[in-house]
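Notes follow the structure.
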Amino acid sequence: MERLENCAQMFQRRFLNESFRRHCPVLLACIVLGGSLLKELCPLPDSYWNNKRNVLNVYFVKFSWGWTLWLLLPFIALTNYKLTRSTTKVLRRLSSLLVSTLIWYLCTNLFLYIENITGSCYESEAMSDPKEHQDRRECRLHSGYWHGFDISGHCFLLSYCILLILEETSIISNIRFERHWHRMAINAQFAALSILVIIWVWMFLCTAVYFHNIFQKVIGTAFGILAWYITYRWWYLQPISPGLPPASASRSGKEPIYRN
């Protein structure tokens, strides 16, 4: 258990610290711009990481929202309850995950709609021999290749998940442990979320240097950062909202939601 605590403390000091949280949106913007320029000006040779069958893409990125939701839900519930001792306030904070899920659903469907209305169906990736299929789904059902404006869903979702986890884990520095099982459970969840952030940042970098064009990646990343900003930097500061994590509320100058 001591190793688990040391691991959580190491992640808190070196990765999920205040400086990284504050500069992460700028870092993500730099990664997507720098990676896109590298792809255009000096493409990297094929590697394991631009193979869509790589293990992180197959088992993590394809289910990135599920992983993020699955790990954040118990973490938010335990940490917020420990600070507030209020089931109502915990449920209020958990409603932020419903908001985030709605944002994920609307944005991904918007991206698919844009790709659908801007695309055409072809026999192959060389875009030869147009086929008479009117939407992406029908085209692929008939073994065609749909070419449209494909906003990077990976850039959107990975950037959004990274910023979401950083906001919600900021609460860790406010917690004082009284029971051993509290420390063990919360440290294990924090360590798992820290590892998830590292995976998301790495795969975001791989997307930037290997896939899509610069406009598709920049727009996807902009949606992710904007979704975070509108919720955590504006709406969640308002009285009628899921509210911020207690640590974030204190930093923003608002009254923390766990105070009576």
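Cβ from N, Cα, C; glycine included.
Since we're looking at a predicted model, the values are computed, not measured.
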Same-side membrane placement of TYR122 and PRO245 in Swiss-Prot: no
Ranked first among 24-44, 146-166, 211-231 for CB pairs under 8 angstroms with the transmembrane segment (58-78): 146-166
Distance, HIS212 (active site) to HIS154 (active site) (CA atoms, angstrom): 10
Same-chain residues near the transmembrane segment (146-166), Cβ under 8 Å, at least 6 residues beyond its ends: 16, 20-21, 24-25, 28, 32, 61, 64-65, 68, 72, 100, 103-104, 107-108, 111, 114-122, 127, 136, 139-140, 193, 196-197, 200-201, 203-204, 207-208, 211-212, 216-217, 219-221, 223-225, 227-228, 232
